[in-house]
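Enquirer: Taken from TrEMBL, the feature active site, proton acceptor applies to Asp311. Feature annotation from TrEMBL assigns Mg(2+) binding site to Asn281. According to TrEMBL, the feature substrate binding site maps to Thr309, Ile310, Asp311, Met354, Gly355, Arg356, Glu410, Tyr462, Met463, Ile464, Arg465. The site 'Important for substrate specificity' annotation in TrEMBL covers Gly282.
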Amino acid sequence: MNPFSPSPHPPSLRFFTHTMSHVVTLPGLTVTTSSSSSYPHIHSLTTTRLCSKVRVSAQFKSHDSTPIDFCDPDWKHKFKQDFQERFSLPHVTDIFHDTPPMPSTFCLQHRTPMVRDFAGLNPSKEWRGYINDNDRVLLKTIYYSSSTSAGAECIDPGCSWVEQWVHRAGPREKIYFKPEEVKAAIVTCGGLCPGLNDVIRQLVITLEAYGVKKIVGIPFGYRGFSDKEFSEVPLSRNVVQNIHLSGGSLLGVSRGGPAVNEIVDSLQERGINMLFVLGGNGTHAGANAIHDECRKRRYMVSVIGVPKTIDNDILLLDKTFGFDTAVEEAQRAINSAYIEAHSAYHGIGIVKLMGRSSGFIAMHASLASGQIDICLIPEVPFKLHGQNGVLSHMKHLIETKGSAVICVAEGAGQGLLQKTNATDASGNAVLGDIGGYIQQETKKYFKEIGIHADIKYIDPTYMIRACRANASDGILCAVLGQNAVHGAFAGYSGITVGTCNTHYAYFPITEAISHPRLVDPNSRMWHRCLTSTGQPDFF
């Protein structure tokens, strides 16, 4: 392992993150969180009364679940130590202590992978493109001077500076797997997402750059490990050369799968010692369980996650691949709804977009289009009926501008719908159709008040999921795929890769999936969306 070193960092670059949940009561401070958001709303703060055995909620507890005592003058140092422990990357040498590092076979000065005598080359000619193990990326880059600042994410009531550094991603000078002994497998799980083929392509290309000859795809998600009907898909640069020109996944996708024991049994039977898993929070949880089981069996495997979710709801990351494409493609649906509404007498267009628990797509698509009058997301409660309800505002829009366009995330307003308690193969609750419900309630409302309304409902979900990645996502997918391979050869396992403040970094899977990333209703981005739509508070 390469623990965080105490090397000096710029004193001006100190930071903090994490949000609070539930209710925390401190002397002079009350923090509450609404049921639909994990972000705090600080109602009062008296800095002179902060210290009297102050304790905080579970979100701020240390690695060993000990609450932080802000009265301890050394609490910042202890917090940073705990953060370093939590974000240290699992490594094959944690279990296989005698695994020797070897010179990397990855070098862009050569057309083919480097030979074993790389260490004997003239030092002046050695490639200088490697990442040092002690390189770090700052997790947060905004200093909030007050907990009342928009979007403030504070560790303590005084919003103190606390540095939080994560591991920089990229190729290392030393590797822990011999390329000629590697059998790498790639699996795509969950639902479709733009960019899957782009990531598969770059994984294969980068593996071959290291000198790996045995690369296979596991068909149809985790199910492919146990279903005898499916066989491995041999992969090479020739096979994947043009797959990024199409949407979907070359390997197919599915939800659910066999037990972890069965998957690891299959890994051992197939001789797989590198596994690249493309998926969201649930898929990453499975990848981490596979990592843990391999360690328990002392089977040397590197398990690397590549975060895939259109919803953009994975913690700590700037964004996940497929998100930019989803926002761009959503413009087509929104524009169609706008044209329908604008061209009709008292026209109302309703567009439902993806977003099970987070409203990032709806928020960004609404802001990008400039055509949305009402944006509804899961994190912000709303009511349809009543003086301050959505329907009342629709009436106002019809009376003042003659039309209205509504964008709603699929997970918004689920409390208004009848629950079925049904779940999908991944264990996710089956959501009710909030878009269809709003459509029906809107029809009833305008009929009851005697105002004509021409309502159109558009659900572009599957059209968006199946499309090809745009240029922005194509770049993101390429770099994620490359860095996933670099992380595996560096000996890491049980990690995922993503962008952090525009830089690429590695994160322990356990931290990335600790809870979903949500839209902060007090964030500047949500405020920008509200400024664009002009909508009032609907609750």
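The backbone N, Cα and C atoms fix where each Cβ goes, and this holds for glycine too.
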Enquirer: Whole number in angstrom, please: the longest C-alpha to C-alpha distance across Thr309, Ile310, Asp311, Met354, Gly355, Arg356, Glu410, Tyr462, Met463, Ile464, Arg465 for substrate.
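Expert: Value for the max Cα separation, rounded to a whole number: 17 Å.
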Enquirer: If you measure from the CA of the residue listed as 'active site, proton acceptor' out to 10 Å, which recorded positions from the list Asn281, Gly282, Met463, Arg465 are inside that radius?
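Expert: So the list reads none.
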Enquirer: Mind telling me which of the binding-site residues Asn281, Thr309 has the densest Cβ neighbourhood, counting other Cβ atoms within 10 Å?
Expert: Thr309
Enquirer: Anything within 10 Å of the residue listed as 'Mg(2+) binding site'? Look among the binding-site residues Thr309, Gly355, Glu410, Met463, comparing CA atoms, and list what you find.
Expert: Thr309
Enquirer: Near Gly282 (site 'Important for substrate specificity'), how many other Cβ atoms are within 10 Å of its Cβ?
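Expert: A 10 Å sphere around the Cβ of Gly282 (site 'Important for substrate specificity') contains 18 other Cβ atoms.
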Enquirer: If you measure Glu410 (substrate binding site) to Gly282 (site 'Important for substrate specificity') at Cα, how many Å is it?
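Expert: Rounded to a whole number, the Cα-Cα distance is 18 Å.
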Enquirer: Just checking, which of Asp311, Glu410 (recorded positions) has the fewest C-beta atoms within 10 Å of its C-beta?
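Expert: Looking at the recorded positions Asp311, Glu410, the Cβ with the fewest others within 10 Å is that of Glu410.
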Enquirer: Calculate the distance in Å between the alpha carbons (Cα) of Thr309 (substrate binding site) and Gly282 (site 'Important for substrate specificity'), and round it to a whole number.
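Expert: So the alpha carbons of Thr309 (substrate binding site) and Gly282 (site 'Important for substrate specificity') sit roughly 10 Å from each other.
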Enquirer: Please list, in sequence order, the residues in the chain of Arg465 (substrate binding site) that are at least six apart in sequence and whose C-beta is under 8 Å away from its C-beta.
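Expert: In sequence order, Gly191, Leu192, Cys193, Pro194, Ile310, Ala326, Met354 meet the Cβ cut-off.
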Enquirer: Counting every protein chain present, what is the number of Cβ atoms, excluding its own, within 10 Å of the Cβ of Met463 (substrate binding site)?
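Expert: Here the count is 14.
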Enquirer: Roughly how many Å separate the Cα of Met463 (substrate binding site) from that of Gly282 (site 'Important for substrate specificity'), to the nearest whole number?
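Expert: With the alpha carbons as reference points, the distance is 23 Å.
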Enquirer: Cα-Cα, whole number of Å: Gly282 (site 'Important for substrate specificity') versus Gly355 (substrate binding site)?
Expert: 15
Enquirer: Does Gly355 (substrate binding site) have same-chain partners at least 6 apart in sequence with Cβ under 8 Å from its own Cβ, and which are they?
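Expert: Once residues fewer than 6 apart are set aside, Gly355 (substrate binding site) is near Asp311, Ile361, Ala362, Ile377, Pro378, Ala409, Glu410, Gly411, Ala412.
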